[in-house]
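Asks: Supplied in C-alpha cells, the structure appears directly below.
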Amino acid sequence: MIFIDACFKKPTPYTPIWMMRQAGRYLPEYMEVRKQAGDFLSLCKDYKKASEVSLQPIDILDVDAAIIFSDILVVPLEMGMNLRFEKGEGPVFGNPISTLEDLEKLDDQNAHKKLNYVYDALKLTREKLSQNKALIGFCGSPWTIATYMIEGSGSKNYAKCKKMLYQNPELLHKILNKLTQVLKLYLEEQIKAGANAIQIFDSWASALEYDKFFEFSFNYMLEISNFIKSKYPNIPVILFPKGISGYLDRIDGNFDVFGVDWSTPLDLARDKLSHKYTLQGNMEPCRLYDKNAIKEGVEKILKTMQNKAHIFNLGHGILPDIPVENAKYFIKLVQESSAK
C-alpha cells in the first residue's frame, strides 16, 4: 500500500493523497445515504451505510486511503453520556461533566465493547477495499473529546474546561486518563477489525497554551501511540494537533506521521520535523473552490516537500460546498504531478 509505505518513509511512485472529511456532504452520493439513514448518528451506527460512505471517495475520487466514517464523540456516548446533534449548533451533551461524581458515573470498562458498529463497518470496508488502498481508523484526542464532555457542546473560548484546568487540574487529569484508557482499547479493536493505520485528531489543541498543551493533550496522545506501537509496530500512527505551529520544537515521541494544519507554514514543519516523521498535509481547504488556486497550492506543497516523506492532504476537512469536479481535479493533479 503506497499510503502505508509513505507513513514509514519508504519510497513511493507518487505522493499518496486522501482528504479529511472525504466521506462527507460535498458528495451527492453521501447525502443520499445520509437521507436514507435519517440522521448523522443513525448513519454512524448503521455499519453497512457507514461502510458505504467510507468507500465512496475511493470509487469517486480514487484517493489512496479510505478513512472509516464515524465521529470522535461515539466514545463518550457509549461511556454513558447523552449525545445529540442539533441542526446549526452541532453536537450537544445533555449532561456535561463538572464533578468527580459525574465522571464516576461513566463506564470506562465496557464502552469499547459497545462500539461494535464501528468495528463492523471497518471489517466490511476492509473486505470491499482494493488491496492497494489503506483503511484508516481514528479517534479524537483525549483533550479534544474532553472539551465537548465538559463544555456540553462546541465552544468559542473553552472557559469551563480552562476553569477546571486552572482550579481543579487533578479532576481534568482524571477525565483525560479515563478517556485515554478507553481510547487505547477502542483503537486496538479498530486494528483487529482491519484498520491499517490510526489517526488521532486533536482539533482543539490550539486552545491550550504551550506548557499546558504538552501536559493536558500531547502526553495523553503519546500514551495512546506508545500503546499501539508497542503492540502493533506495523500500524502507523498519525497525530494531528491543529493550530500549534509555535509548539513544533517540543514535538517528539513514538509515532510515525505528523499532520500539519493549513495555518502552519509547511517549510517550518519540514525543517523541524521531517527528519523524524512523515508529514501529512497541508493545503488550505478553501483553495478547492478554484482550480487555479488548487494548481498553485499543489505545486507549492510538492516543491516544499520534494525528497521528503510526505502524504498529501488538506490542512483541515473538505468543506460541504466544494464542487466534486474540483476535488477530483485536486486528487488527480497531486497523483500525476508527483509521479517519479
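Yeah, the Cβs are placed from backbone N, Cα and C, and that goes for glycine too.
So Swiss-Prot says this about it:
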BINDING   Arg21, Gln22, Ala23, Gly24, Arg25, Phe40, Asp71, Tyr148, Ser203, His316  substrate binding site
SITE      Asp71  site 'Transition state stabilizer'
Asks: Give me the largest Cα to Cα distance among Arg21, Gln22, Ala23, Gly24, Arg25, Phe40, Asp71, Tyr148, Ser203, His316, the residues the record lists as binding substrate, in Å as a whole number.
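Replies: Binding-site diameter by Cα atoms for substrate: 23 Å.
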Asks: Looking only at Arg21, Ala23, Arg25, Ser203, the binding-site residues on record, which one has the least crowded Cβ, with the fewest other Cβ atoms within 10 Å?
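Replies: Output over binding-site residues Arg21, Ala23, Arg25, Ser203: least Cβ neighbours within 10 Å is Arg25.
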Asks: Same chain only, sequence gap of 6 or more: which residues have a CB within under 8 Å of the CB of Asp71 (substrate binding site)?
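Replies: Correct list: Phe40, Leu41, Cys44, Pro91.
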